[in-house]
Structure formats: C-alpha cells, structure tokens
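Before any comments, here is the structure.
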Amino acid sequence: MPSYTVTVATGTQWFAGTDDYIYMTLVGTEGSSERTLLDKPLYNDFERGAVDSYAVSVEENLGDIELVKIEKMKYWVHDDWYCKYIAVKTPSGDYIEFPCFRWVVDDKEVILRDGRAHLPQDDKTRVAKQHRRKELEIRQKTYRWKEWHPGFPMSIDALSHKDLPRDIQFDSEKGVDFALNYTKAIENLCINQFMHMFQSSWGEFADFERIFVRIKNTISEYVMQHWKEDFMFGYQFLNGCNPVIIQKCTNIPSKFPVIHEMVADCLERDLTLEEELKEGNLYIADYAIMEDVTPNATDPCTMQYLASPICLLYKNSQNKILPIAIQLSQTPGEDSPIFLPSDDEYDWLLAKIWVRSADFHVHQTVTHLLKTHLISEVFAIAMYRQLPAVHPVYKLLVPHVRFTIAINTKAREQLICECGIFDKANGTGGGGHVQLVQKAMKTFTYKSLCFPEAIKDRGMDSQEDLPYYYYRDDGIKVWEIVKSFVTDVVNIYYDSDETLQRDEEIQAFVKDVCSFGMQDLDYSFPKSLQTREQLVEYLTVVIFTASAQHAAINFGQLFLGMYPDEQFTEKSVKNAVETFQKKLSEVSKLIKSRNEGKKLPYYYLSPDRIPNSVAV
C-alpha cells in the first residue's frame, strides 16, 4: 500500500499551536486520499514552532499531488492554528512543498497549492482552475472596499482591528509589541505632560528641550544644540523626515514678492537675486496646501492657528541650503510681511518655527499617512481580491503589505478618528487633517510614486548641483536595486509582453487599484499593463513605497530583502532573492562608510534599516 510522508510546520507566533483535531486530504491527478486524522488533541503535536511528520496511506498511487486540504475541528472550543507549510514526500521519493503561512480558524478548510508559482493561463487541469477561481471568490467576499471619508483612497471594510480577516490581523506577538511600544512611547516622551502643554501656550523655547531631553541619541542631541540655526533648518529640507517638499526655484512667484534688496546680504557670489535664480542656486518650499485648512477647535478654551508659508532657500558657496525669506501666508500684504534673516532674532526664529509647523502637518498627513500608509493599503486590498496565493506577483508582494491593513485600521480606530490622538495633540485635529488629505488627493498622481520621476519633477535630480541630498542619492540606489530584483522575477514568469496581456488576474489587480481603490478619478493610475517594462515599474512602485519611502519618512523594524516566509520555492527566484540581498548589503556598507565621522549621518535609506512593509 503506497504511503506518503506528510510534514507539518506550525508557526512561532504566540498561540500559534492548537489542541483541536487536524484532518488532511491529499488530492492528486489520479485520485484523492481518505480524510486522515493526523493527531488527537492533547498529544503535544501542533505546538508553537513544532515540525511534525505523519504517514498517510492510500489504496493506490494518487499521481501528481495538486492540492492539500486541511481541516480543523474543535476539541473543546475553537483554537486558532497558524500553519507555516506542509511538505509531502511521495512514494517515489519526490519532495513537494505547500506554503501556507495562514491561520486555520473555526471549521473552515484551507486548500493549498504547491509552492511553484503559476500564471492563470498555466493551469490546465479542472481541479487547479476551480481552486484558483474559488479562492478569489472567497477573497472578494472577505476583502471589501469601503470609503472612510469622501475624497480619500478606499480602505478595508472593517470598523476595528478585530473585524479584519484573521490572516491580516496583527499576530499575537506583533499585537503585544504594538501595545508595549505604544506604552513605551508615551512613557519616553512624557506624552501626558506633552498633551497638557498643548492646552496652553508654550511660554519659552526651553519647552522644546523638555521634549528633546527624552529622546537620547547622538543625532537628537546635535539637533537640540543647533535647531535654531539656519543651516540646520535648511538641512532638514534635504535629509529630515520630510525631504519631498523642497524644489528647485525656476521663478519667484508673484504671490511671494521677494526682491534683491531684501536678501542682498544673504547672497555670496556677487550676483543679483535674478542672476542667482538663473544659476540655479535658489530653492523653494511652498505649503499652499495648508491654505484654508481649519485649525483645531476641539478645545473651546484654546485658540489654535495654522500657517500656509512659502520659504525661499539659497544654496551658498559651501553648498549649504539656507533660508533667506519667509512669508507665512499665500497672500502678500501688510498683514503678511516677508521675514528675513536680518530681522530681530526671535522674529526670524518664530517665522522658521511656523514653517516647521506647516511642514509637520504636511509630513504627517500627506507624505506619511496618504502617500505611504493609505496608498499601500489600496495595493494590498486589490492584491488580496485579485491575485490567488499561487500567482507569482502575490508571492512577490505579500511580504511588502504585511500588517499594513492592520496598522491602518488601528489608526482609523485610535489615531485619526474623531476624538483620537490627532484631535487631542495636533493643530489640524478636529477635521483639518481630513481636509489636508482631500486637498492632496486632487493633485496626487501615480507618477509621483515613481521615485526617480518625483525627484526630477522637483528639479532635484542633479548630484552636481546639490551634493548633500542623501535622501535622493540613497533612494535612487535602493530604487534601482528593487527594480532589478523585480525585473528578474518578472522575466522568470513572463516570457513576452503578450504573456502579460493574457494574464487576466494581473490586469484585474491593476484595474481594481485604479477603478475601486482610487475611485477611477484622474490620478493617472493605469487600468491595464501592456508591457513587462510597465509591470516592472508598477511592482517597483508598490514595493518601494511600502518599504524604502516609508522608511525615509518614518522608521523601520522589519528589513528589506529579508523574507522569513518563503513564498517562492523555485530555485531561479531564490537565486534572484540572493542577488537582491547581496546588492542591498553592498549599499548598506557604502552608506555606513559615508556616514562615518559625520555629525549628522543619514541612514534612513540604508537597506539594513528599511522595513519590508508599512507596519508601524
């Protein structure tokens, strides 16, 4: 009687093991095995981190094994079980891996394909086609679109984290980490006292030090010592947490009437302001998006204000970026003077603080929330709805959307909701942050997510003109490495543009992003992909946005190129992953070498510090 050896690996997540009944059925091209009970409850199998093996006997050879069915039946109460993978050794000695990386819950069965990736047109048997179709039907009922606010990208249809599908919730260990980190942040920043400070005007600059003193590292201490200085103010536009606002100034706008006589003392090359402009030495940061945003009025006892400033910056002879003129509104006039470095020390310092305030709001709400968190959620939902687990693009993308829907749902539940932290501690709370996202969406485009094009569109692409823009330099390196890796994977599965065009699932994924996730508005998101080059760019955008871009404007904890869940089993893809990891490691070494001895090292885009996904 033929016998198959089945190896089952349980995850290491907290509470991943189970004492429920686990049944298995092998489905082959020549028939199916009997429904087999692998082990009885309380026999210490299927414990957290365990790898258990079982013999499954059959009447006759099953042919090529196509599917593995897993069923969990409750013993006393339902006990969720996280299955990493199942491996089957056939009577002929073949070894077949069936990746799972899913929670098995309630009495629902989970059906697994082997680890080889397949395009829809590659599946020839009725069993494979039916499984593929059924998986997507279930997913599309489970992962539903919902509009959280008009004018926002669409999000998941779930009111709270516990309403999410089990597979995309934080696992227990991650949930504990989230709670502990949240508590630690409150403790470290004295957030209760910090929040109290918002309820009344800050009386002195020393109030800032009361926050800084809680964040102990070399960079923070250096920033605290120099934050009032113009060079630090300018440096942060290039390599701070929001390095996407500054752009080359090609003409001084009429709404910002700066003339040569105002700034002559700041210019170092014996050129007029107009000549400096033509030489490419002027840059501008315009916060027009902040105009008419409603300030926080949730506390009737406290008046809060917002500015929509414009800041003119000058590249001096040492290639430092320095502010030379600031206007705090979009409309010039007696009520909106232009502040200059020659003004009273505190007038100039306060003008810079108002610019930083506007930068904070745009950073948190547009650069961070909208352009990494929310857009990554759109890609994630569309992926789950349109790509089965056997699709190579699903296998490629799933590590880069891990926990993204969960963290965004937590944010809507606790952070940016009515009476959430934004309302209590943010000048745009009480609805202003919603207005900011809605305004930003009106000019948001797919091409703005393409890193090299976004840099070029702001006139910031020349390393010769601006040698210390590390966000650009490191970002380009990482973008090209990600693109090279994606190209390798795409070329393994798509031998021609025609193969891509015939892939109905990838076309449905792209259309779902555009027509539902972005509500078919004019954001230039493609509705279909015709060439492999277009697919490479699209997938590079998804991965780079979720990993490197988010790292550059936030901070990391799960690193790029590290894939503990092995979705791919093919040697060709594993080789591509190894090449990817080697290239990333080389960039990390280059960045580490460059940073040595610097008082302000830039490491946010060092690959060993880039998280795989938007998970915090």
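Using N, Cα and C of the backbone, Cβ positions are placed for all residues, glycine too.
TrEMBL has this to say about the protein:
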- 2-118: domain 'PLAT' (DOMAIN)
- Gly17, Asp79, Asp80: Ca(2+) 1 binding site (BINDING)
- Trp103: site 'Essential for stabilizing binding to COTL1' (SITE)
- His368, His373, His550: Fe cation binding site (BINDING)
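Between the CA atoms of Asp79 (Ca(2+) 1 binding site) and His368 (Fe cation binding site) there is a gap of 37 Å. Here the candidates are the binding-site residues Gly17, Asp80, His368, His373, His550. The one whose C-alpha lies nearest to that of Trp103 (site 'Essential for stabilizing binding to COTL1') is Asp80. Spacing of Gly17 (Ca(2+) 1 binding site) relative to His373 (Fe cation binding site) is 31 Å (Cα to Cα, whole number). Taking the Cβ of His550 (Fe cation binding site) as reference, residues of its chain lying under 8 Å away and at least six apart in sequence are, in sequence order, His368, Thr372, His373, Ser376, Pro611, Val614. Model confidence over the domain 'PLAT' (2-118) stands at 88, taken as the mean pLDDT rounded to a whole number.
For the recorded Fe cation site, residues His368, His373, His550 set the reference point as the centre of their Cβ atoms, and the other residues of that chain within 8 Å of it by Cβ are Thr367, Leu369, Lys371, Thr372, Ser376, Gln549, Ile553, Asn554, Val614. Cβ neighbours of Asp80 (Ca(2+) 1 binding site) (same chain, under 8 Å, six or more residues apart in sequence): Phe15, Thr18, Trp103, Val104, Val105, Arg166. A simple Cβ count within 10 Å picks out one of the binding-site residues His368, His373 as the most packed, and that one is His373. Annotated Ca(2+) 1 site Gly17, Asp79, Asp80; additional same-chain residues within 8 Å of its Cβ mean position, judged by their own Cβ, are Phe15, Ala16, Thr18, Asp19, Asp20, Phe46, Trp81, Tyr82.
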